[in-house]
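Reviewing the structure listed below.
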Amino acid sequence: MKYLLPTAAAGLLLLAAQPAMAANTGGYATTDGGEVSGAVKKTARSMKEIVDIIEAAQVDSKGKKVKGGAYPLIITYSGNEDSLIKAAEKNICGQWSKDARGVQIKEFTKGITIQGTNGSSANFGVWIVNSSNVVVRNMRFGYMPGGAQDGDAIRIDNSPNVWIDHNEIFAKNFECKGTPDNDTTFESAVDIKKGSTNVTVSYNYIHGIKKVGLSGASNTDTGRNLTYHHNIYRDVNSRLPLQRGGLVHAYNNLYDGITGSGFNVRQKGIALIESNWFENALNPVTARNDSSNFGTWELRNNNITSPSDFAKYKITWGKPSSPHINADNWKSTGKFPSISYKYTPVSAQCVKDKLANYAGVGKNLAVLTAANCK
């Protein structure tokens, strides 16, 4: 599927007219999605039914398009595409050239929640464009087709105030020859770009992904506030995220099996990397492939406290031929500004011991607190 996007300026004017909402997402997002007064609840059993429900919510009773949407939406998805996911798993290198499949939420600001039922699955993505007040929860996304058409699992373009929570996103961390740069067949798990800001990514289980996520599409797309918390990343290659400018706060995440690089802080971005657990990781915190506009990071209360911990947790470092900075001395290179939201991180050890009981689908949206660490 291909879509023409309105200009960023037009999208921002549309979004600016909408009131903010006030959920506690544990991060920069403050949206309840469709969980507001006047919401219409719908159930969908397929990608097409989700598309049809969203299209119907964008017009009034006379069929005239309503700016920002006619009413808030709560969509419960109960479909199962395990057969497509299993077929893709058997033909990994055949996915790149297939048509991308996805639900597009475009110019919708009334509030929308898409939430999967336990046991549901999707071989299609959710693409959020020029919208705001969007929540995606308890969705299981596997082996997205259409890498050549930017077939991300979740894509957020020019859309503030989005919450991506308690999902599972997976593919195969594998390179297929014949694709650009011998790249994998699959695109990103969660890309946040083109002016998107105030986004929270929480309690997701992301595994087998080569390019996990962008924070910014280019060296000029640099202004955003993002929070990543209580996510599990296993057997992933890079972009955790690839940060082009802006602010990234990452706390209480578990990183196990980074095969390329983790945080790549570029274009003078600033990252607060707090109370996370790292193991079996190559270049977990770095700045590279960015001439001299390196970003900075503040390292706080992670399981790694000094280079003497690297061997214990199997942390290794590589040195590319291009200019770069690695956190191989495990020291902060900058100071993160004050944070506008309240949060209470648990210890990195608790993340290691307990987070798997809370992150991903089928966990009833449960959250990890200090009381659970005992």
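Including glycine, each Cβ sits where the backbone N, Cα and C put it.
In this structure, R239 (active site) belongs to neither helix nor strand by DSSP; it is coil. Within its own chain, R239 (active site) has S188, K211, V212, G213, L214, N264 as residues 6 or more apart in sequence whose C-beta sits under 8 angstroms from its own. The feature active site is assigned by Swiss-Prot to R239, with sequence analysis given as support.
For the recorded site, D150 (Ca(2+) binding site), the DSSP three-state label reads coil. Look at Swiss-Prot and you will find D150, D152, E187, D191 tagged as Ca(2+) binding site, backed by similarity to another entry.
DSSP assigns C93 (disulfide bond) to a helix. The Cβ of C93 (disulfide bond) has C176, K177, G178, T185 as same-chain neighbours under 8 Å, each 6 or more residues away in sequence. Swiss-Prot lists C93-C176 (among others) with the feature disulfide bond, giving similarity to another entry as the kind of evidence.
In the three-state DSSP scheme, C350 (disulfide bond) is classed as helix. Taken from Swiss-Prot, the feature disulfide bond covers C350-C373 (among others), and the record attributes it to similarity to another entry.
Residues annotated as signal peptide in Swiss-Prot: 1-22.
Within 8 Å of the centroid of the Cβ atoms of D150, D152, E187, D191, where the record puts Ca(2+), the same chain has further Cβ atoms from G125, G151, A153, R155, S188.
Residue pair D191 (Ca(2+) binding site) / C350 (disulfide bond) shows a Cα separation of 28 Å. Between the C-alpha atoms of E187 (Ca(2+) binding site) and C373 (disulfide bond), the distance comes to 35 Å.
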